[in-house]
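Lifted from Swiss-Prot, the feature list:
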type	residues	note
BINDING	Ala245, Ser246, Thr247, Gly248, Ser249, Gly250, Lys251, Thr252	ATP binding site
COMPBIAS	1-10	compositional bias 'Basic and acidic residues'
COMPBIAS	101-119	compositional bias 'Acidic residues'
COMPBIAS	130-171	compositional bias 'Basic and acidic residues'
COMPBIAS	395-413	compositional bias 'Acidic residues'
COMPBIAS	703-713	compositional bias 'Basic residues'
DOMAIN	232-444	domain 'Helicase ATP-binding'
REGION	1-38	region 'Disordered'
REGION	92-176	region 'Disordered'
REGION	392-417	region 'Disordered'
REGION	692-720	region 'Disordered'
MOTIF	370-373	motif 'DEAD box'
Amino acid sequence: MGQKRQRDSKNLTLHSKKRKKAENATATDSDDGWDGIVGADELNWKEVALPDRLEDAGGFYGLEEIEGVDIVRGSGNGEVKFKAVAGKPKKSILKKKALEDENPEYEEEWSGFSDDDADRPENASSTVVEKPEKSDRKADKKSEKNADKKEAKDAKKKEAKAAKKEQKEKGSAIQRDMSINAGLSFAALQDTEEDDGADVSAWDSLGLSPEILTGLSKMKFGSPTSVQEACIPQILEGHDVIGKASTGSGKTLAFGIPILEHYLEKKRDDISAQKEQMSEKDSTPIALILSPTRELAHQLSKHIGELIAQAPGVNARIALLTGGLSVQKQQRLLSGADIVIGTPGRVWEILSTGQGLIRKMQQIKFLVVDEADRLLSEGHFKEVEEILNSLDRVEDGEVPDGEDQASEEESDPSSERQTLVFSATFHRDLQQKLAGKRKWTRGDIMDKKESMDYLLQKLNFREEKPKFIDMNPISQMADNLKEGIVECGAMEKDLFLYTLLLYHPKHRTLVFTNSISAVRRLTKLLQTLQLPALALHSSMAQKARLRSVERFSSPSSDPSTILIATDVAARGLDIKGIDLVIHYHAPRTADTYVHRSGRTARAGASGKSVIICGPDEMVGVVRLAAKVHANMANGKKLPLESLELDRRVVSRVKPRVSLASRITDANIAKEKISAEDNWLRNAAEDLGVEYDSEEFDESNGKGRGRGRGRHQKQKEVGSVSKAELAGLRAELKQLLSQRVNVGVSERYLTAGRVDIDALLRGEGNTSFLGPVDPLNF
């Protein structure tokens with residue numbers, strides 16, 4: 001048997017090139033004294049800034065944080081170490097002292113040759129390693145070249161920087177002179193000559209500045225409204241004001257103009273005292289304007305912004321804080337804002353989570369509460385109370401001991417702040433629900449004493465008795481508003497709504513409902529009937545809400561556009577051209593009716609408000625009329641005008657509405673069934689069980705629980721096939737292609753009462769074939 005040859009022993013000193021390279025790199029790192037792992041005391045910790053409003057920190061004060069490190073746990077002793085994450089410089093996580101201790105050789109780093117080297121003694125210690133003579137000469141020449149290049153480059157940079165700075169100073173000086181002497185600019189004179197503004201001599205009695213008068217002239221506001229004429233002088237004198245005026249009377253500029261006047265006065269004082277302009281981050285707002293809805297906040301910003309854009313020398317910045325938009329962007333806008341406009345929820349969210357923002361807001365000169373009855377009503381807008389409390393709160397230790405009484409008065413946030421309150425309704429009795437069997441009062445809705453007491457309890461006014469300015473003590477509604485009521489059956493509201501819309505072609509119409517589901521259904525119903533309908537409710541995304549308002553208010557849009565909305569559109573929206581307001585559901589409270597109807601007949605224009613009233617809503621409508629028109633001289637039980645629709649028209653359009661309702665209900669039922677099915681399927685997947693829709697429907701139908709009949713009806717409506725839906729749509733399309741015949745022979749048009757010439761020209765109401773009497777209020 002042959003003996004196996006013995007293998008040579010492996011030389012352990014031989015390693016692969018790759019391993020040698022890694023070991024050399026590790027050795028180099030260890031030689032440098034830096035392995036990237038440090039203790040907690042050597043890190044550059046940063047203190048955590050706590051928000052201004054923190055209810056309970058639980059003892060966590062003085063917290064510190066650091067970013068860009070990984071935790072390295074020790075092998076045996078449990079000690080925790082840290083190291084920089086990949087891609088982050090290791091020096092950035094260390095303290096300066098720790099950095100010097102870890103890298104002492106950085107202090108003696110070679111920085112090139114200098115003239116001091118010649119004077120140094122021969123035996124002096126030097127960290128420069130001696131090189132051969134040839135390499136010294138090369139390095140010397142190279143360093144001289146680099147030094148010359150660097151000097152030339154630095155000289156060029158300095159020259160460019162100086163020229164840029166000089167140019168910037170010249171530009172800022174020119175801009176400053178132009179802003180101060182804006183009225184003397186020839187370009188401004190040329191612009192005013194080209195654009196002839198309105199005559200603003202009627203504003204002279206209010207004592208406004210030339211800049212504001214110029215802006216009002218460009219905006220074509222020739223004379224102030226009654227509420228502006230009454231409120232602006234009182235606000236300019238420094239009084240707290242409670243303004244009560246009908247909707248569409250110009251309340252926005254009644255408080256917007258005094259705020260801008262204060263801004264201009266402050267700007268003049270800064271220029272006369274030759275103060276340096278503060279940076280945006282150091283500036284403090286002069287006014288906070290609170291609004292109950294996002295749409296109203298956007299509108300306030302738009303109206304005040306228009307006056308700022310038209311008034312020369314007024315560069316006030318507006319920060320708009322509303323929900324549905326980026327919080328980070330709004331925080332940046334707030335840092336340099338002069339006027340803050342927002343809804344209570346978002347304003348309080350930003351103030352409570354920020355650092356130093358509440359202290360900034362305590363220095364405002366104006367607090368404006370628009371639509372105050374809604375913002376200050378019980379059970380709504382808890383954030384308003386938080387905002388008001390934070391503005392009036394004086395923290396302990398702010399006024400040091402030994403200060404006199406004057407300094408304590410100056411430290412009171414409300415001592416220098418004017419409070420301005422505006423709305424069309426203040427009486428609390430208007431906020432009671434109209435429906436139900438509870439006892440209701442026939443009180444005067446314009447009771448001044450109750451309104452004053454109610455507001456004095458909620459708000460901290462600077463004066464004991466603020467100025468109460470009531471511009472409509474007799475009638476709560478606008479003068480040019482016509483009110484009417486249409487009585488119908490409980491299941492005929494869709495039919496009468498469509499008929500009312502046919503009676504008012506080329507009218508911009510706003511339809512109010514009491515629920516979001518009704519908005520969705522009515523929008524689809526009217527779109528199925530080929531009417532330009534848009535939706536607006538609180539569940540929509542903010543961008544979609546703004547898009548609906550923009551499309552509805554755009555002058556280039558269809559004049560027959562219809563906006564179906566909940567009460568989010570009831571307050572403050574100033575949309576030009578709204579001719580008709582329809583209450584699909586009777587309003588729950590009287591103040592809601594006042595604000596809904598106030599969307600039309602604004603600024604002296606005429607408008608109509610119609611309630612579609614079912615049998616179950618009649619009691620509430622009677623109470624509504626009694627509250628709103630309590631001071632009417634005629635003493636009628638129901639002062640609303642009863643409107644009678646032509647029964648021929650109602651019967652002719654009924655097939656259209658029936659077909660459209662079937663199509664709409666089928667589509668909604670299909671969407672709802674699909675959504676529920678998807679939810680159940682996802683829930684079954686999460687639970688890890690098998691989902692069978694048919695088995696689930698069988699088990700669901702066996703019970704006798706609540707909603708069983710509704711689910712069964714929904715399933716039946718949603719079971720309509722696509723072919724059946726297509727047939728219904730084709731039938732509806734044929735009906736919509738024809739005019740509604742109101743008793744005219746289509747074969748012998750000339751024999752009837754039809755105006756053929758007007759028919760060919762497309763004049764009159766093109767929805768009907770034949771004469772139809774308009775609705776008389």
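Using N, Cα and C of the backbone, Cβ positions are placed for all residues, glycine too.
Feature map: Swiss-Prot annotations on the structure.
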residue : record           : Cβ neighbours (10 Å)
Ala245  : ATP binding site : 22
Ser246  : ATP binding site : 23
Thr247  : ATP binding site : 28
Gly248  : ATP binding site : 22
Ser249  : ATP binding site : 23
Gly250  : ATP binding site : 20
Lys251  : ATP binding site : 26
Thr252  : ATP binding site : 22
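Taking the centre of the Cβ atoms of Ala245, Ser246, Thr247, Gly248, Ser249, Gly250, Lys251, Thr252 as the ATP site, the nearby residues of that chain (Cβ within 8 Å, site residues left out) are Thr225, Val227, Ala424, Arg602, Ala603. Same-chain residues lying 6+ beyond the ends of the motif 'DEAD box' (370-373) with a Cβ under 8 Å from its Cβ atoms: 251-252, 289-292, 296, 300, 421-423, 425-426, 430-431, 455, 571-572, 591, 595.
Look at Gly248 (ATP binding site): DSSP puts it in coil. For the motif 'DEAD box' (370-373), the predicted model reports an average pLDDT of 86.
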